[in-house]
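Since the structure comes first, as structure tokens, the remarks are kept for the end.
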Amino acid sequence: MLQACKMEGFPLVPPPSEDLVPYDTDLYQRQTHEYYPYLSSDGESHSDHYWDFHPHHVHSEFESFAENNFTELQSVQPPQLQQLYRHMELEQMHVLDTPMVPPHPSLGHQVSYLPRMCLQYPSLSPAQPSSDEEEGERQSPPLEVSDGEADGLEPGPGLLPGETGSKKKIRLYQFLLDLLRSGDMKDSIWWVDKDKGTFQFSSKHKEALAHRWGIQKGNRKKMTYQKMARALRNYGKTGEVKKVKKKLTYQFSGEVLGRGGLAERRHPPH
């Protein structure tokens, strides 16, 4: 027998020693059968050299079941693993959906801001032309002066009649100067010293003169003497009219008197 093996080219295998522990081949084949689905094709090819295995052999405990009831273990996933995978996928999706905010917004990515539209609603009350005296009353509180007089805001000197320009707008000091020189409303205003330009208002008819001044300006609201006196006291800042210590008395500046006299010579009263 040994000679025949040598002639055929097979290596000689010495007989097993008596010290070796024999093993149960049935137990080894049974364990191999249980892990057979996890063996690769390479492992199956090498296993043919060591033992004979029949893939259709079914364990004795499962002989009563049909063969088609068995599925390979690789296609079965435990429900615990599926839940774990789904939980991991949801966490990854949450991380991807969450925008990354830099630690310093000023140094990170720029965020574009959209302008907010603001609708302008029309005013409920009709627009009213503001007068010089009313504007001064809104911007400065009234001062406690005699006979209801108060400081206010009044624009600078305007154009005098006869001067070149588009539409002429008469000022309060010019309106009073024209009344004094024409003698109109002498019961409401009169000269104290014409040469010095000092004049005085009547304590009884001063409101009538103020009302006429409101009509001259075209104000919708009623003009009062308090508003008119506020504008006159404001002329003291620009120098056209100044307040005299005497009650209800004011004085024109020499420049206003000179310009008024020049205008009177150009356009004498009718």
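Every residue gets a Cβ built from N, Cα and C, even glycine.
From a predicted model like this one, the values you see are computed outputs, not experimental measurements.
Annotated DNA binding in Swiss-Prot involves Lys217, Arg230, Arg233 plus, out of the candidates Lys242, Lys243, the residue Lys243.
Among Ser17, Ser106, Ser146, the residue that Swiss-Prot annotates as phosphoserine is Ser146. For the binding-site residues Lys217, Arg230, Arg233, counting C-beta atoms within 10 A of each C-beta gives the highest total at Arg230. When every Cα pair among Lys217, Arg230, Arg233, Lys243 is compared, the largest distance found for this DNA site is 23 Å.
Counted with DSSP, the DNA-binding region (170-253) comes out as 37 helix, 16 strand, 31 coil. In the predicted model, the DNA-binding region (170-253) has a mean pLDDT of 93.
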